[in-house]
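This report concerns only the one structure given below.
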Amino acid sequence: MTTETETKPVEQTEEKKEEVKEEVKKEEAETNNAEEKADDKAEKADKEKKEEEKKDVKAKKEPAAPKPAVHKLDFNKDVVYLYQFTRTPVLPSLSPYCLKVETWLRIADLKYENVDHKMKYKSKKGQLPFVEVNGEEIADSAIIIKELGTRYNKDLDASLTAEQRNVAHATISMIENHFAWVVKSWRTKNPAGMLGAYKMNLQQITETKWPKPVLEFIFKLKFRRAAKKVRAHGIGVHKPEEIEEFGHNDLMVLSDLLGDKPFFFGDDPTTLDVVAFANLAQVAFMDKEVSYSLRDWMTENCANLVEFCNRVKERAFPDWEEMCTTLDLNSHLPKPPPTEEKAEEPATEKEEKTKEEEKKDEKEKDDTEKEKAQKDEKEGEKEDNKKTEEKEKEEEKK
């Protein structure tokens, strides 16, 4: 009996201990789970908060302003801004394509303004000329004329028949894809002759004070590179006399087509007249002191083409002489009234004022130097005092 009664309480206490341990484990597990859940919730809340903050920052940031599509930001509505080469003393432009666009703008009677871009800009296609109108760029002379003609109802070919349009298209292709390269071939092989033919002042054109020999060397170097393009075109592989013969043939075709008419298709100029003038003017208006056999041949055998050039010049460029003399890009625009200049002060008064200003500057300079010297002196005294104090302390220690 005694043994039974003694063993039962021991077993019960062990069972109770195990139950307590299990309960403790359960509580610990529940506590850990609760803590893990709390940590997860906190992490999730932090992530959500950070994402919201990022969204707020993005929303607050203003969108980057788009790059301007044009160079002329303060443009006027429907004014065509033309980017081209600079003037020369004999010709408004050395480029037949630039002269073509400007001649067309004048005959079409559209408002335009040349932009003096110091030869810094080219179109997105890498060309000159190009125009900007109402904040939009248009490049390539043929596309410029077509686009502006459509926008502003200025079709110079509106009265032409279908057959005349075909003739115009074929003739323009001959001029721009053949005759123009005949002239380019001469230019690339005779850069010095080109400088003289158009009376080009490279210092004025480039707006630099570099010596003329240096500028001429650079100019000739560029034209050697241009000669590669002439050769790549195909015309450059021929002999000079063969290339000139090509030019004679093109000029004869144009002379026969023009005949004794004022313009190629009658009394009014068309796109063909504009293109023909822009290219023939490169030859017709060269300085006569410079020898160019193609110009002399045209004068002798195609006098009607020379007369045609003068006719278009008088009609489209009444300010020709002024623009070639002053090299003004916008001689067609009214100039602002001259500002009244203040009367110059007498020389003696100017001299006195200058002397007074110089004295004033010298006095200010002296004052600043004195202040600096005084400051340096005070700092020196402070350092000396400091050193003596340190020495006295060291002696006291000894």
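In case you wondered, yes, glycine gets a Cβ from its N, Cα and C as well.
The model shown is predicted, which means the values in this text are computed figures rather than measured ones.
TrEMBL annotations:
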- 1-64: compositional bias 'Basic and acidic residues' (COMPBIAS)
- 338-398: compositional bias 'Basic and acidic residues' (COMPBIAS)
- 96-187: domain 'Thioredoxin-like fold' (DOMAIN)
- 248-312: domain 'Metaxin glutathione S-transferase' (DOMAIN)
- 1-69: region 'Disordered' (REGION)
- 328-398: region 'Disordered' (REGION)
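Broken down by DSSP into helix, strand and coil, the domain 'Thioredoxin-like fold' (96-187) contains 49 helix, 11 strand, 32 coil.
Per-residue pLDDT, averaged over the domain 'Thioredoxin-like fold' (96-187), rounds to 96.
Broken down by DSSP into helix, strand and coil, the domain 'Metaxin glutathione S-transferase' (248-312) contains 44 helix, 2 strand, 19 coil.
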